[in-house]
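Below is one structure; the comments refer to it alone.
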């Protein structure tokens, strides 16, 4: 699909302009073909004094329409004022806990809108490029927070936030979707295709193995091998490379060789929705919002300890519970909406697909980036955190094994998330700052 440049759009607008009120001249639309070829833009401007104004009005209307769709097209738009308030709070040093809270609120609608914009771009690029774009931008908030935390050498914040994102997608997002979908469709049988859930579960179990090995390695030979930390780090880096290769194979499997597993999901989405803004408009908004997310994420990472001390909440709870809820706002809303419509294939694809992206792409990518930056980040997430991850993946796989759903499955997953959140709320883990 071709995309017009700004100059071409203006030329089209000039050709379609109505006749001017000037009795001695007519606009390009009514002039003979030969006369049209001889008219320059300056001549048209002189003969049609309302043309430039009309062009400007057209551009203004286009911007207003895009603003309405992008900024005010979500119920989370009420949180957008938190973005400038966070900047003002940082500029005037109004208090680090206030900066953290406002930044967290501002990230919520931004994360949801980034997902919306990537979907708009995917309508123009096609499913293959669109799928890769969604894989990259769907978890933009988590990736940006991780990279900024790595830059400040806060490895624990990176580990906690990424772990929390996986738990949030599999328990909170998926659990809420199955619960709401089951209640909304009590008299209907809810079924879904097990093929895509089996693939996602298999890939998540591979990621779990890569997380368990460094932990078991450390506990197995800690007393016999003094340089266990170096060996654990080397094992983690090797495992991260394997995970990235596995994720590349997963993308190739999903978009090329076995697209029939996911074609039904794409067809259902395309039947109901079409692009509401242009390609370049969506791309420009996406770049701008990503820059704002980077700014607010920097505020969050820099003030997380101050917020923890001021509120009396552990850094682990903030990173594992609060930050992922913000980052997964888009997945949460979209998954529940499709579950209400009894389209569980799409809901499962959203929730489990996002968890797979975090586990098999963002986590190993963070390890590799830390390796390049000279920071020692491994895949050992400690016993409690890794145990919660293992339980979450296993209980999710058991929940989705029969191809049918009801609200009780959602209740169980949601309550599992509540229990894990309570565990990290009472577990006061100090933040180890290696800087």
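In case you wondered, yes, glycine gets a Cβ from its N, Cα and C as well.
Nobody curates TrEMBL annotations by hand; they come from automatic prediction.
Since the structure is predicted, the reported quantities are computational estimates derived from the model, not experimental observations.
What TrEMBL annotates here:
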type: TRANSMEM; residues: 70-92; note: transmembrane segment
type: DOMAIN; residues: 98-255; note: domain 'Sodium/calcium exchanger membrane region'
type: TRANSMEM; residues: 129-150; note: transmembrane segment
type: TRANSMEM; residues: 162-186; note: transmembrane segment
type: TRANSMEM; residues: 198-217; note: transmembrane segment
type: TRANSMEM; residues: 237-255; note: transmembrane segment
type: TRANSMEM; residues: 276-296; note: transmembrane segment
type: DOMAIN; residues: 282-425; note: domain 'Sodium/calcium exchanger membrane region'
type: TRANSMEM; residues: 311-330; note: transmembrane segment
type: TRANSMEM; residues: 350-375; note: transmembrane segment
type: TRANSMEM; residues: 381-400; note: transmembrane segment
type: TRANSMEM; residues: 407-427; note: transmembrane segment
Proximity of the transmembrane segment (276-296) to the transmembrane segment (162-186), 3+ C-beta pairs under 8 angstroms: no
Outside the transmembrane segment (311-330), six or more residues from its ends: residues with CB under 8 Å to it: 76, 97, 104, 107-109, 111-116, 138-139, 141-142, 145, 156-157, 160-161, 163-165, 167-169, 172-173, 300, 304-305, 354, 385, 421, 424-425, 427-431
Helix, strand and coil counts within the domain 'Sodium/calcium exchanger membrane region' (282-425) (DSSP): 120 helix, 2 strand, 22 coil
For the transmembrane segment (350-375), distant same-chain residues with Cβ under 8 A (at least six beyond the ends): 135, 138-139, 142-143, 146-147, 150-151, 153, 155, 158, 162, 165-166, 169-170, 173-174, 177, 196-197, 200-201, 203-204, 206-208, 210, 236-237, 239-241, 243-244, 246-247, 250, 328, 331, 334-335, 338, 396, 434
